[in-house]
Amino acid sequence: MCGVAALLLGDTKATTAAVELHESLYFLQHRGQDAAGITSCSNGRVYQCKGNGTASKVFTEGLRLQYLPGYMGLGHLRYPTAGTSSASEAQPFYVNSPYGISMSVNGNLVNTQDLCNFLDGEARRHVNSDSDSELLLNIFAHGLQKLGKRRANSEDIFTALGDVYSMCQGAFACTAMIAGFGILGFRDANGIRPLCLGSRPSTTLPGATDYFMASESVALKQLGFRDIIDVLPGQAVFIEKGQAPIMRQIVERRSYTPDCFEMVYFARPDSCIDGISVYRSRQNMGVKLAKKIREVLGEDGVKDIDAVIPVPETSNIAAVSLANELGKPYVTALIKNRYVHRTFLLPNQALRQKSVRRKLSPIESEFRGRNLIIVDDSLVRGTTSREIVQMAREAGATRVIFVSCSPECTHPHIYGIDLADPADLIAHGKTTQEVAKYIHADEVIFQGLEDLKDACREAAEGTSQVEDFEVGVFCGKYVTDVPEGYFAHLSELRHGKPAQKAGMNDVPAGGDEVGVVSSSGPLNSLPDAGETPDRREDVSLYNFGGEFASHEK
Ligand SMILES: O=P(O)(O)OC[C@H]1O[C@H](OP(=O)(O)OP(=O)(O)O)[C@H](O)[C@@H]1O
Ligand SMILES: NC(=O)CC[C@H](N)C(=O)O
Ligand SMILES: [Mg+2]
């Protein structure tokens, strides 16, 4: 999962799109911590700043925004699922031909080899990284280019998207910008990854309207956007500057099956995705899990429990309703260090392991001599649960029952989690008792799959059109076709090359945050922000474009 955003201000003389996009990245930061980027457009020119790290690092607390003028733009936060962690794969991506297109992608494609072959052999387009998102952008660009127009209109945009839907297999929710023309959003035919659109009156041009698209409604809400709607499966929305949005069903909806993991872990609880309140779904997960705990432990077993402890932060909401349902005290005995982010999203196991203790510490008195239920939203690799049980034991807990708001993760998540190899999954090929033994818990209890789906379904606010959920990670049945050999290919990639290998176009950098020039040299290099020459490698900060090649003229 990544976070995507696109903004078009109604006042085309405004220069503050990047400032607002930057603000929105703080509401989407939980979706990706590896890289961040913003692209903006002013007078037909495209400006871009991106690199490895969180939004505050890449934009050095907002200092770099002065180099990103314009009334429209894109934002991106990356959690890599394909390619490498190299800064050359930070997004948005840009292609100059045709028209100057930028794109931010949330998702994962499963037929990248076919796309590479097509782009190389037929489209004659150079792809400069291992990123599947750069492939998707080039498929779109090729579709637009082959129409052979000097300037595109909205129909051409929709026509070109036809190629994306017919050629790209997997999950995607994308935002794009065509220099001087407008912004675009579109979502795969099953609606696996989320995307929503909102509007608000312009504050600088009376009567004009600003439009904003993002992965999660919380970003829209907090920036004052209202009338929020979900982009539907197979649907695209194009907003030309100064115009109202045009919604178009590009391909028939194949299903309406958002990824259940959005509700379990990815999304913020104050977001509503496809008409489903994430907060309410997590509450429901707690209620349903309590029922399962009663079945497994029996009334006497439940009676023996002293307290319910959440593993902050995602499980907090479910743990409250679970504790209520069992009639047990909810005890916040694991304290989260507010300066440490999500550990699951870190790029390697050593870092993830180290970060659990850095992030969570026990209040020992709340553990000593007690029978405890410890609740987490999921057990994926088992990194967190193993470490937490160990902490509970060190603190003197008598009995530890570790419970999960979602079922056993037994299969790779192919649409947005960096889990190429099933062997990485704690529950793959293990019984529940074996999982308990592995994490040293007295007992482990998982939510049932149907209960999880019901918890999400029952959290619909009003009329959600969602039919079912993508739950392949729990059962191995995926909503899209998966090309033969895909899993073997993933495994080969994982074992053949280090997951963190450098991109072919990486340059060595001095600091922690390796950064690269992610395309050929800048046409109009911007002055640096006062950094040392070494720091300049940390972020690509370029102004692309020229006087004549733009819809602006
Ligand atoms: O079994 P694992 O591989 O450890 O993965 C599952 C854990 O990772 C996530 O926490 P994370 O620290 O990323 O985020 P949070 O603060 O939102 O809970 C998730 O909430 C679980 O706690
Ligand atoms: N998590 C995501 O949505 C990742 C997008 C894309 N597959 C990448 O790895 O950059
Ligand atoms: Mg967690």
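Note that Cβ sites are derived from N, Cα and C of the backbone, with glycine treated the same way.
Taken straight from TrEMBL:
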- Cys2: active site, nucleophile (ACT_SITE)
- 2-242: domain 'Glutamine amidotransferase type-2' (DOMAIN)
- Thr314, Asp376, Asp377: Mg(2+) binding site (BINDING)
- 499-538: region 'Disordered' (REGION)
- 510-521: compositional bias 'Low complexity' (COMPBIAS)
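Mapped onto this structure are the features recorded in TrEMBL.
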residue : record                   : CB count, 10 Å
Cys2    : active site, nucleophile : 25
Thr314  : Mg(2+) binding site      : 23
Asp376  : Mg(2+) binding site      : 22
Asp377  : Mg(2+) binding site      : 26
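Taking the centroid of the Cβ atoms of Thr314, Asp376, Asp377 as the Mg(2+) site, the other same-chain residues with Cβ within 8 Å of it are Val264, Tyr265, Pro310, Val311, Glu313, Ser315, Ala318, Val375, Ser378, Ser404, Cys405. Take the Cα of Cys2 (active site, nucleophile) and measure to each of the binding-site residues Thr314, Asp376, Asp377: the nearest one is Thr314. Averaged across the domain 'Glutamine amidotransferase type-2' (2-242), pLDDT for the predicted model comes to 96.
Candidate recorded positions: Cys2, Asp376, Asp377. Those with a Cβ under 6 Å from ligand 2, in sequence order, are Cys2.
Within the set of recorded positions Cys2, Thr314, Asp376, Asp377, Thr314, Asp376, Asp377 have a CB atom less than 6 Å from some atom of ligand 1.
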